[in-house]
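Residues annotated as domain 'Enolase N-terminal' in TrEMBL: 47-176. Summarising the annotation, TrEMBL assigns domain 'Enolase C-terminal TIM barrel' to 184-458. Look at TrEMBL and you will find Asp252 tagged as active site, proton donor. Summarising the annotation, TrEMBL assigns Mg(2+) binding site to Asp304, Glu320, Asp345. Feature annotation from TrEMBL assigns active site, proton acceptor to Lys370.
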Amino acid sequence: MSVQEYLDKHLLSRKIEDAVNAAVRAKTNDPVLFIANHMLKSVQSVITKVKARQILDSRGIPAVEVELSTNKGTFRASSPSGPSSGMYEATELRDGDKGIYLGNGVTKAVKNINEKISEALIGMDPTLQSQIDQVMLDLDKTEKKGELGANAILAVSIAACKAGAAEKEVPLYKHIADISGGTNTLLPVPSFTVLSGGKHAGNNLAIQEIMVLPVGAKTFEEAVQMGSETYHHLKAVITEKFGVHGCNVGEDGGLAPNISRQAYFTGGILLFYNKINDVKEALDLVMEAIGRTGHNEKIKIAIDVAATEFCIDYPIVSVEDPFDKEDWELTKHFSTLQACQVVGDGLLMSNPKRIEKAIQESTCNALLLKINQIGTVTEAIEAVKMAKDAHWGVIVAHRSGETEETFIADLSVGLATGQIKAGAPCRGERLCKYNQLLRIEEELGDQANFAGEGWRVS
């Protein structure tokens, strides 16, 4: 085949001419680079490679990481993990070999990506998120994604979403807004964990966490400042009252003190130490820290324990899982009091069927969205739409086992949820989400909208 025949066959003469004309119009100082980039943009991007590996999450437990390649680049993503795998959430695939990572390895999930999912997705358009997710669901064939593993499917789904944004040459949050059918983006009010308890902390605080919401901030940047100042003032309050040993931290970065006056003998001498013995005492510590910031009226509190008097005596605006996840009647009764936002976490498990039931029965009025519980970007978007159609609040949430993945930051902005929960304003795997939101706000500039006092978007 001659050079001219080759050019004619692939219509290269016209494409090259178009690229040269574009370079002339742009008056570029580097025509070769400009023409090369112009030619690259003219080629529709497809998925060319999907490769997975085993990494470690913030708890030192294996997690799945994926690199998905197109002719526009390589896009990395990883799946988070929680402490439990409920019967209503998508199923993580673990190896089960107790001799390796205590059975928590994810090499089976990695193999499924490298040998099955990869082959199915090669050649697909990365902008077609719902089609990509559906191919994986069809390949898995189980309701809870137990064949391929929800941790495998989600990592690929997120990586594909990033590739789709790159193909469209738009920020990730804008691409998410587009594929969800949304038109507006919104910076969320962060829900900062400041005190951790229960299984996340190993102390005797009866609730899992106490969070602060800087709803009175005017920008996300100001909200971060308020959250950080509250956290550090709380650390000082605990140190002053109970000593430096009270400043341990839980898995999500919240301070995890043991504080309550108890006696013990050592060397024949009666000594005392302190530990938190009730929720009220913990709330009082947080209130003192908020007072020290000078932002009293601008910062509200969220907890995950039911007690109506707390909502009256303290500025509590949100309560997660007030009762057992199967106690629908008590949760519904608590919601009817209209004392605050009542969030379904374990109650819902981000499961569409349970969300639908809770909407029909008016059991709660907000969804805590954990994307690994549902398993794909497309299904996460549909869950948020369902909640918003019911005029619920939506909180995009992290997990105890996090990585440096920042996807939920863009997800919260793209879906305009108005709320995000990503842990304490410390620890790298938590801060990377908040830092990504700072970058997004800066990038949007005058177009940035912060939820602020309208945080409970529906």
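Including glycine, each Cβ sits where the backbone N, Cα and C put it.
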Practice problem: Check each residue in the chain of Glu320 (Mg(2+) binding site) that is at least six apart in sequence and keep those whose C-beta is under 8 Å from its C-beta; list them in sequence order. | Solution: Gln208, Ala302, Ile303, Asp304, Val343, Asp345, Leu368
Quiz item: Near the Cβ of the residue listed as 'active site, proton donor', how many other Cβ atoms are there if near means within 10 Å?
Solution: 26
Quiz prompt | pLDDT averaged over the residues of the domain 'Enolase C-terminal TIM barrel' (184-458) | solution = 89
Practice problem: Write down the Cα-Cα distance for Lys370 (active site, proton acceptor) and the residue listed as 'active site, proton donor', rounded and given in Å. | Solution: 15
Quiz prompt | Residue counts (helix, strand, coil, in that order) that DSSP gives for the domain 'Enolase N-terminal' (47-176) | solution = 54 helix, 26 strand, 50 coil
Self-check item: Neighbourhood of Lys370 (active site, proton acceptor) by C-beta distance under 8 A, where only residues 6 or more apart in the same chain count
Solution: Pro80, Gly82, Glu89, Asp345, Ser350, Ala397, His398, Arg399
Quiz prompt | Surrounding CB atoms that lie within 10 Å of the CB of Asp304 (Mg(2+) binding site), all protein chains | solution = 20
